[in-house]
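Beneath this line is the structure, given in structure tokens, with notes to follow.
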Amino acid sequence: NYYAGKCGNASVEAVIQSAVQARLVWDKRMVAGLLHMLFHDCFVQGCDASLLLDGPNTEKTAPQNSGIFGYDFIDDIKSDLEAACPGVVSCADIIIAATRDAIALCGGPSYAVTLGRRDGMSSVSWMAGDLPSPHVDIPTAIGMFAKKGFNSFEMATLMGTQQTSP
């Protein structure tokens with residue numbers, strides 16, 4: 001309930017869920033896109049939406065992030081929320097909540113997320129060096145993910161989202 005009362009009568013979570021539901025009607029691959037985006041954003045320097053920042057030499061321009069898609073979708077949700085409550089909802093929270101909703105709406109588990117993240121204000125491409133290449137060997141990938149607290153099942157799930165991107 002982080003945003004309760006901060007957007008007048010609008011429910012931030014309802015706006016996000018409605019947008020996800022509408023997108024999934026015609027674009028089921030968005031589930032993989034959101035999970036891939038969330039993974040690449042959070043793996044680098046925390047879930048701060050720094051992956052969304054435009055400009056030369058940002059995370060978005062790093063070769064490791066070339067397969068990410070769905071930026072336009074996050075922009076669409078942000079526009080909807082800005083119309084309801086300008087300057088209140090972070091893109092970091094939009095990515096987290098939209099991914100959660102997409103997973104649940106496609107038959108995956110439903111889980112609670114804590115909202116209230118702030119958006120990152122800086123992004124540099126070299127930081128994406130922490131991300132494993134889609135061509136990384138298994139022992140190296142296991143080690144990279146273990147350093148971040150992931151087990152091999154979680155690693156396989158996240159690495160698999162990279163393979164389903166366009």
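Positions of Cβ are set from backbone N, Cα and C atoms, glycine also.
Cross-referencing C47, C85, C91 with TrEMBL gives C85 as the cysteine bonded to C7, criterion being a recorded disulfide. Annotation in TrEMBL places C42 in a disulphide bond whose other cysteine, of C47, C91, is C47. Annotation for C85 (disulfide bond): spatial neighbours Y3, K6, C7, G8, A10, V12, criterion Cβ-Cβ under 8 Å with sequence separation of six or more. Per-residue pLDDT, averaged over the domain 'Plant heme peroxidase family profile' (1-166), rounds to 90. Among the recorded positions C42, V44, the residue whose Cβ has the fewest other Cβ atoms within 10 Å is C42. Candidate recorded positions: H40, D41, E59. Nearest to C47 (disulfide bond) by Cα distance: D41.
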